[in-house]
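S.K.: Here you go, one structure.
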Amino acid sequence: MISQVRGTIMHRELDRVEIMTASGVAYECLIPLSVFESLPSEGQTVTLHTHLVVREDAWHLYGFAHAYERAVFQKLLHAKGVGPALALGILSALTPDRVVRALHEKDVLTLMRVPRVGRKKAEQIILDLADKIDAVGPAPATGTAPSPLGDDAVRALIALGYNQTEADRAVRAVVESGAPKDVSSLVRGALSRLTAK
């Protein structure tokens with residue numbers, strides 16, 4: 001089992017990255033959008049936690065920034081009708097901790113934000129995983145715990161057209177810079193960061 005790959009980024013795309021290891025072997029890892037956004041530039045060193053899927057016709061290596069994110073991916077594979085491509089799509093649309101919270105809270109609507117996940121599929125994922133998701137362990141420390149205030153702000157940004165990943169990231173940055181008193185000020189702060197890009 002290949003559980004981790006460390007090396008130099010040779011090439012990267014939205015859904016994959018090619019890494020040349022010190023031994024001279026290059027690995028192509030399929031990645032969620034959140035990993036692509038956090039990758040250093042080509043020529044820089046990166047370490048990814050990986051999961052290998054072996055099929056009769058191909059071997060695919062999936063790469064993640066944290067072991068926790070990989071654990072959520074692996075747990076998603078235990079849901080009926082969820083293969084590696086859909087599990088990767090879920091982690092491209094939602095952060096790992098948001099996936100875990102959605103499962104704990106049986107939040108069908110959050111899972112339905114993911115392309116190719118309708119109500120029936122979301123309900124099936126929750127049915128299969130809601131009682132098992134604790135096995136992935138705690139999320140890595142980020143300095144800021146999720147809050148109802150932050151969740152409301154993220155929902156507001158998504159309603160304005162931003163995706164889950166960028167909304168989560170902007171809201172977390174505002175919270176870390178100083179706790180806002182209400183949702184509207186948090187949304188305004190997040191919007192100023194998003195529009196400044």
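Keep in mind that glycine also has a Cβ here, set from the backbone N, Cα and C atoms.
Sharing the record's features from Swiss-Prot:
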REGION    1-65  region 'Domain I'
REGION    66-140  region 'Domain II'
REGION    140-144  region 'Flexible linker'
REGION    145-197  region 'Domain III'
S.K.: Helix, strand, coil: count each for the residues of the region 'Domain III' (145-197), based on DSSP.
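M.R.: Computed counts for the region 'Domain III' (145-197) are 38 helix, 0 strand, 15 coil.
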S.K.: For the region 'Domain I' (1-65), how many residues does DSSP put in helix, in strand and in coil?
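M.R.: Summed over the region 'Domain I' (1-65), the classes give 6 helix, 36 strand, 23 coil.
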